[in-house]
Each structure stands twice: as C-alpha cells, then as structure tokens.
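Input: a single structure, listed below in structure tokens.
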Amino acid sequence: MVSVPTGLRPSAVPGVRLPALADQVGAVMAGPDRRAAVPDVTVTGVTLRAQDVLPGDLFAALPGATTHGARHAAEAIERGAVAVLTDAAGVAQLTGGRTTPTLLHPRPRSVLGELAAAVYAHPSERLTVIGITGTSGKTTTTYLVESGLRAAGRTAGLIGTVGIRIDGADIPSALTTPEAPALQALLAAMAEQRVDTVVMEVSSHALALGRVDGTRFAVGGFTNLSRDHLDFHPTMADYFEAKALLFDPNSPLRAHRAVVCIDDEAGREMAARAGDAVTVSAEGQPAHWRAVEVAPLGTGGQQFTVIDPAGVQHRAGIRLPGHYNVANCLVALALLDAVGVSPEQAAPGLLQTRVPGRMEEIDAGQDFLALVDYAHKPGALRAVLSSLKRPDRRLAVVFGAGGERDPGKRAPMGATAAELADLVVVTDDNPRGEDPAAIRREILAGATESGCAAEVIEIGDRRAAIRHAVAWAGPGDVVLVAGKGHETGQRTGEHTRPFDDRVELAEALREAVGPRKAQG
C-alpha cells in the first residue's frame, strides 16, 4: 500500500545543522555583523510557502513578481520555522526583534535547490532519476517509461504535468511543476517508499528558474522543439538554451547520459551539443535507435519494428495514434535501455500505456472517433491533426488558446487547424485575465487568412462548441477536442470553474448517440 506523508515529504529526516548549510551555500548572518556565528540549530525541512511550514523548517523568503516572501516570515516562524533565508530586500521587510536566525544571500533562489537537497540527504543520489524535456511529448514519454519500468519489475515514481505517481498509484497533489524544495522533499519521500527509479518531466521553466537544481539526473531525454513559452523566453534561441541545460557538458544540471530524438533540427543541434548522445529517429534519420515497418494496431494503435544500436530488431506496439508517438516510444525505449531495461522487458508495459488527456479516446458507442488531446501550440496541433487526417473521413477540431500566454501562437494555430481540418470550432480555452473574444479573434484571423476551405465557426462557450462538433460528425468521422487534455477546470479571470473536456465530450456523445440509435 503506497502512502506519502502529509505535504509530500519524507516522514523521517535526520536534519542538517544550520552552520553547515550556510557554509555550503555561502550565506551569512543578516545584521550589522555579517561575521557573526550562525546559531547551531537543526533544519529538517525547507519551504517557500509560509502556510506549508512544519516545525524545524527553514523558510526561504524570496522576491516575487508582486510581493516579497519576507512579508510572510512572521507566519512561518509562528508555524515553527527555525531559520529564514532571504536577500537584502527581504531583510529590510522583516519586522520585530528577530530572534529566529536569518541567513542573507544575494540570490537566495540560486542556492535553494542545493540547500534543499542537502537537508533531505541528496535524494536523487539514492535514486535513478530520468529527466525528459522538449516542447511536446514529455508527458506521454514519461508514462511510457514508467510503464516500461514497472513491466520490468522496477518500483517507479513519476512526476509530471498530469500529477505524481508512486508504483502505479496516483498521489493527490497540486505540484505540477514543483519548486526546488518541494521537488527534493518529494524525491526523498519516493526514496523512503523504496522507489528505485523516477521519471520526471523537466520544463524549460524548471531548468531556467532553478527548480531542478540539486537534482542529479542519470539520463536526460529530449523529444523535440517548436514554438511555445515565448511569453517567458524572449526568443526561440533562449528557449533552446534553457532545454540545453540538461545536456550541455558545461551545465551543472547535465544528465550523466543523454537520449535525443533527432527528427527535427533542434534535436540534431541538441545531440551535437551533448556530444555523446544516444540518438533516436522515427523519420529515417541515421540514429542509434530507429523505427521501421510502422503499421496500424487495432483501433488507434501502432506496431513497428525497433532497430537498436547493435542492429538487433525488436517488435513494439503502443495504443496511441500519431507517428510522433512512435518517436516518443523510441525515446522511452532508449531511456529504458540506459537504465538497464531491455525492449523485451518493456514491451508489455508500453502496449498497455494510457496517458490522461493525450490522444485519449472517448467512446460512448458512437459511430465515429472522438478524442481529447492536450495540443495547445502550433507544432503539437499540426502533429495531432496530421496524424488523424485521412482522405476517407472528415475531421473536426474544437480548440482555443490560453490567455496571458504567448499570443504569437494564436494565428498560427488557427491557420494550422484550417489547413488540416474540415470543421474548425474556435472556442475558449483558459482566458485568464484576457478578453476571451479578443483571443478568439486572433485565432480566427489566422484561420481566415490561411485561405483554406475548412468551415470555420466561433462558439465561445466550450460546452456548446463540443456539442456542435459532435452533432456535425457522421459515421467514420473524427472529432478532436484539443488544448486542455487532462485539465479539470477552466479559468476565466480569477475564477476557475470545474470543466473537463473528457467529461463534456462523453456527455455530448451520450446525448447524441441515443437519438441516432432511435433513428436507426
């Protein structure tokens, strides 16, 4: 029975003396005498959130976008924090007669990962950690790797966008992209649960913002690179460089071994940067791992022959459509091989892999294919629609674009949808603080300017948009609801209402199937 302590922390932490931590990260005592001795207290946890503090914690008071964490130091201390780490601006905001030791560092976030790793006894060194980065395919590849590990008898942990899993059990958590202290605590909890191998998604944000600092990666995997997160990264080059931190020989985050898909130019550049990468290709590139003889498998699945670095052939199959998922599977197989799991050991697990909200089929007995997918950027949308487009059937796509995210991808997504689908229903995604109608207009402009013959309509209400596409579909057609995947809420302004594309699509299908059967 898998259990995880409250707060996704280990239940037993020996602790580290505060003077040793200060020496390790180059912090000094705040106050007029920077050479003052650091009090000899024991730290047993680290957190950024005052409300998460447990007795014995060090509270990291960091500068934020709108406020400074030091404003919450008093609450943290009241909850049992034995020390505070902050910068000069934070020290200036601390109130009261400060009896709790306060460490000063000019860039506290930059040392937080290593500090937390030390407090939790360097958990990644007690585990085999596999990190997967790339624009698309991270979630699918982590699930494939987890399935392969478990098929080989390994006790696996998974950390990613959809959630956290330990030995196949879902662990409730809001930690989609854990900050460094939460990640180190989680890894320590997994080690305590006797997990031996952890596979985790590693986003560009996590790499650039230090969220994986202190983590030692046994293997790093790269899937692909296309436009995304340009609201955070100023250029695609900057985006690439963030991903490269997992592979560059000069990076402190560099994985011990690298697996890189070279089916796009960024992958080939990443392999060259890594220097000694194991390469994979599903597109005929000369690579260590290749896929050939790809053929359909059942409804929506694929089977293919894998050629390994020694030239040995293996049969593999996945219950996931789309040629890009063949590439994801190759990355997974190469990563598994790097940690001692053979294709034959992994194959049964790969064949059973289901990924929440990733090309997830919704079947209510209808006579057409209905899918939900997380594709929310131009490259991913193109890959998904291309995999579904066939001359013998019509294709409908329902999608929108997130507010307060890279606006430059909206028109290209509209153009891509109009090029590849027969019906394009532009709707709301997560508008957040933006005007939903304005977001839709940008998508519609791209679709209109593409000059394609698709029928393009606008239905802002996502529930109604899904029902329109379902009503449109006929026997053998395909309906894809894209953009939100596994998400269970829709955010407008500051309010998030319950909304799950999978639930809504299933309800729409059930409503439609009854009348159709009656007519039949």
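Numbering starts at 1 and runs along the chain as it is shown here.
Every residue gets a Cβ built from N, Cα and C, even glycine.
Bear in mind that the values here come from a model prediction, so they are computed numbers and not experimental data.
According to Swiss-Prot, the feature ATP binding site maps to GLY134, THR135, SER136, GLY137, LYS138, THR139, THR140, an assignment based on sequence analysis. According to DSSP, THR139 (ATP binding site) is assigned to a helical segment.
Look at Swiss-Prot and you will find ARG405, ASP429, ASN430, PRO431, ARG432, GLY483, GLU487 tagged as meso-2,6-diaminopimelate binding site, backed by sequence analysis. The Cβ neighbour count for ARG405 (meso-2,6-diaminopimelate binding site), using a 10 Å radius and every protein chain shown, is 21.
Per Swiss-Prot, N6-carboxylysine is recorded for LYS243, and the stated evidence type is sequence analysis. Around LYS243 (N6-carboxylysine), a 10 Å sphere centred on its CB holds 25 further CB atoms from the protein chains shown.
Residues 376, 399-405, 439, 462, 483-484, 487, 490-493 of the same chain sit 6 or more residues outside the motif 'Meso-diaminopimelate recognition motif' (429-432) yet have a Cβ under 8 Å from a Cβ within it. Residues or ranges marked as motif 'Meso-diaminopimelate recognition motif' by Swiss-Prot: 429-432.
For LYS138 (ATP binding site), the nearest neighbour among the listed binding-site residues (PRO431, ARG432, GLU487), judged by C-alpha distance, is GLU487. Taking the binding-site residues GLY134, GLY137, PRO431, GLY483 in turn, the residue surrounded by the fewest other Cβ atoms inside 10 Å of its Cβ turns out to be PRO431. With respect to Cβ neighbours within 10 Å, the binding-site residues LYS138, ARG432 differ, and ARG432 shows the lowest count.
Highlighted in sequence order, HIS376, GLY400, ALA401, GLY402, GLY403, ASP428, LYS484, GLN490, ARG491 have their Cβ within 8 Å of the centre of the Cβ atoms of ARG405, ASP429, ASN430, PRO431, ARG432, GLY483, GLU487, the residues recorded for meso-2,6-diaminopimelate, and are not part of that set.
Taken as a whole, the motif 'Meso-diaminopimelate recognition motif' (429-432) shows an average pLDDT of 97 in this prediction.
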